[in-house]
Amino acid sequence: MLGNWDYLVIGLYLLFTMSIGMVCRKVAKNSSDFFRGGGNMMWWMTGMSGLASGLSAWTFTAAATRVYDMGFFMIYLYWLWVPAYLIIFFYLAQRYRQMRIITVADGIKRRYGRFTEQFWIWVQIPANMMIGAMWLMTVSIFMSAAVGVPLNWCILILGIVVTCVSLGAGAWSVIASDFVQMTIIIVGATTVLIRAVTLPAVGGVDGFMEQIPEGFTNFSVVESPSIWIAFLLLSMIMRIMQASDLSQEGAKFLSVKDGREAKKSAAMLTLGYLLVPIIAFVPVMICSFIYPDLSEIFPNMENPTEGAYMAIAAHVLPTGMVGLIVCAMFAASISSMDTALNRNAGFCVKNFYKEFIRPEADEKEQLLMGRVFTVILAVALITLATTLANNRTIGLFEFSNLVFSLVIPPMVVPAVFGFVYKKTPVWTGWSTVIVGFSAAFFTKTFISTDAAGKYIFGFGDQPMNSLESGDVTFMVITAVTLVCSISWFFFTSLFYKRVTPEHKESIDALFKDMRTPIDHVAEHSENNDATQYHIVGMLNLILGCLLMVGCLIPNSFSERMVFIYCGGVVTSIGGILLSIYRKKSKADSLVHGTYSRS
C-alpha cells in the first residue's frame, strides 16, 4: 500500500514534528508557559488544538468502523456535539479562563479545598494515563496497518515523538504542533474527499447519493432503533459534559489570553464540528463501495474496517502524499495523548512537588521538574499502551467507549457542576467521584449486557449483534454512573448550611473571579501575540515549501499538482501569519508594549 517515497515522507515528517518541541523550547520561560501556554494563547491556536481532538487518529480508525457499517450515523453524532460548544461559547469559555489558574487541580482546590485537590490529582493521573494510552494505542494501530511496522514498535516510536514535542515547551509546543498538523489534515482530508467523490466509480455527488446503501440512512437496518436513538442522545449528553469538564476539554480554555479569546475559540470549535464529519467520513462511505471486503486489503488486521480511511486515501492520493496524511493524523493526536504527559506533569509539579516536597522551588526548578515528570510519565504511558494493545479483545470503537464510560463520568460531574453551582460542601468533590466509580464498577460487574438488552431495550429472547452489545454496554455503564453521580452531587447540597465561613468565602471569591474579565495591564500579563504568529507562521511556511517539493516525486502531472495545491495552501497560511507578525512587531516596537508576567 505504501511505497519507498511514502516511507521517506513519513521519516522526514516525524523528524519535523519532533523538531517543533526544540523550536518552541525558548518560549517556555516558567511553569505557567510549560503547563498552560502562559495563559496567553490566541483563539486560533487553541481553537485548532481543540479541533485536533475531534479530527485525530480515533476519527479515522475507531469512528471509521461505524461509518463503514452505518454511514451517516457518525456524521449525525458529531453534529449532536454542536450544542456542547454552544453552551461553552455562551457561558463557560470565558468563565474558565477567568478562574486565573495554571492547572486544573488549582481550580479544584479553590472550589473544594486542599484535601479534594490531592484526592483529585491521584485519581486523575491514572485516569488520564488510561485515556492517553488508549489514544496512543489507537494511533499506533493505524500507523502499524499503514506502514507495516509491528504494533509494539509503533507504540514505542510514536511515544518517543510525543515525548519530544511535550518536552520542548510543554503545552505551548503541543498547541503550536496541533495548529500545524490540523492545517495539513484539513487540506489533505479535503483533497481525499474531492478526489474520492470524483472517482469514475463514484460519479460525483449524484452518483454517491445513488450508491448509498439503505443502512447508511436507515440505521434500523443495522441496529435496533431503541439502541441507536438512545446511543445518539446519550452521546450528546456525554459530549456536553465532557466538553464542559474543566479537567478534560475545558482545560483548553485555561491557555487562552482572556475571556474574549476563549469565546472565539469556542466559536471556532462549533463551526469545526459542523464541517469535520463531512470531510472525514464521506470518503469512508465511498470506501465501502470500492472495497466491500477490507480483509483482502488488510489481511493481518483483527478488525479490517479500522483501516477504511487508509484504504481510500491510498486509492486516491499520489505516491508520497499517503505517508504525509498518515503522519499528520498521528501528530494531531498528540494533543489527546498530551493529557497523560503535560497535564499530569503539571499536577505532579504544581500540586504535589511544589506544595509538599519543595515549597521554595523557583520557576527554573519547576520547569526542570516538569520535564523530568514528563519523561517518567512517558515511560509509563508507552508501557500501558503496549499492555492494552496486546490484550484488547474488542474493536477500537467499542474499546474506546468502554474506557470512556468507566473513566470519564465519575470525574466529570464535580468538575462541571461544581463550577456552575456553588451551594455544596467541601467534601462533595471527592465523595461524588467515589460514588461514580462505585456505580461504574457495580454496573460493569453485576449488570449483564444481555439482561439490559432484554429488559431495557426490548430484545426479549432475541440475541443482540456485536454492534448492539457494545453500544448497550457503553450506555448502561454511562447512564447509571451519571445518574448516581449527579444525584449524589445535588444531595450533598442539603449539608451546605454546615459549610465553614472560610470555605464560603473561598467559593464566593472563585465565582467572582470567574465573572471578572482579565485586565492585562492590571494583572501584568505578557503580550506574546507576535511570537505566536512568528513561530507558527514559520513552521507552516517551511512545511508548505517541503510539501511543494513533493511534486518532484515520480507521479503523473495531475498527481504532482496535488502536492503543489496542498503545499501552496499551507505556505499561504504561513505567509499570512508572518505578515500579521511583521505588522504586530512594528506596532509593538512603537508602543514598547510588553507586560510583565503574572
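From the backbone N, Cα and C atoms, a Cβ is placed for every residue, glycine too.
Per TrEMBL, these features apply:
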- 43-64: transmembrane segment (TRANSMEM)
- 70-92: transmembrane segment (TRANSMEM)
- 119-143: transmembrane segment (TRANSMEM)
- 149-172: transmembrane segment (TRANSMEM)
- 184-205: transmembrane segment (TRANSMEM)
- 225-244: transmembrane segment (TRANSMEM)
- 311-334: transmembrane segment (TRANSMEM)
- 368-390: transmembrane segment (TRANSMEM)
- 402-421: transmembrane segment (TRANSMEM)
- 433-452: transmembrane segment (TRANSMEM)
- 472-496: transmembrane segment (TRANSMEM)
- 535-556: transmembrane segment (TRANSMEM)
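Of the two recorded stretches, the transmembrane segment (119-143) does not lie close to the transmembrane segment (70-92), with fewer than three CB pairs under 8 Å once pairs fewer than 6 apart in sequence are set aside. By the Cβ criterion (distance under 8 Å, sequence gap of 6 or more), the transmembrane segment (402-421) is not counted as touching the transmembrane segment (149-172), fewer than 3 such pairs being found. Using a Cβ-Cβ cut-off under 8 Å and counting only residues 6 or more beyond its ends in the same chain, the transmembrane segment (535-556) has close neighbours at 5, 9, 12, 16, 20, 23-24, 27, 45, 176, 179-180, 183-184, 318-321, 324, 563-564, 566-578, 580-581.
Relative to the transmembrane segment (149-172), the listed stretch 368-390 leads the set 70-92, 225-244, 311-334, 368-390, 472-496 in CB pairs under 8 A.
Long-range contacts of the transmembrane segment (311-334) within the same chain: residues 1-3, 5-10, 13-14, 17, 52, 55-58, 60, 135, 138-139, 142-143, 146-147, 158, 161-162, 165-166, 174, 177-178, 180-182, 184-185, 188-189, 191-192, 195-196, 199, 283-284, 286-287, 290-291, 294, 297-298, 547, 550, 553-556, 559-560, 562-563, 566, each at least 6 residues beyond the stretch ends and with a Cβ under 8 Å from a Cβ of the stretch. The stretch in closest packing with the transmembrane segment (472-496), judged by the count of Cβ pairs under 8 Å and taken from 43-64, 70-92, 225-244, 368-390, is 225-244.
Beyond the ends of the transmembrane segment (43-64), by six or more residues, the same chain brings 37, 74, 78, 81, 135, 138-139, 141-142, 174-176, 178-179, 181-183, 185-186, 189, 249, 252-253, 255-256, 261-262, 264-269, 272-273, 276, 279-281, 284, 305-310, 329-330, 332-336, 395-397, 399-400, 532, 536 to within a C-beta distance below 8 angstroms of the stretch.
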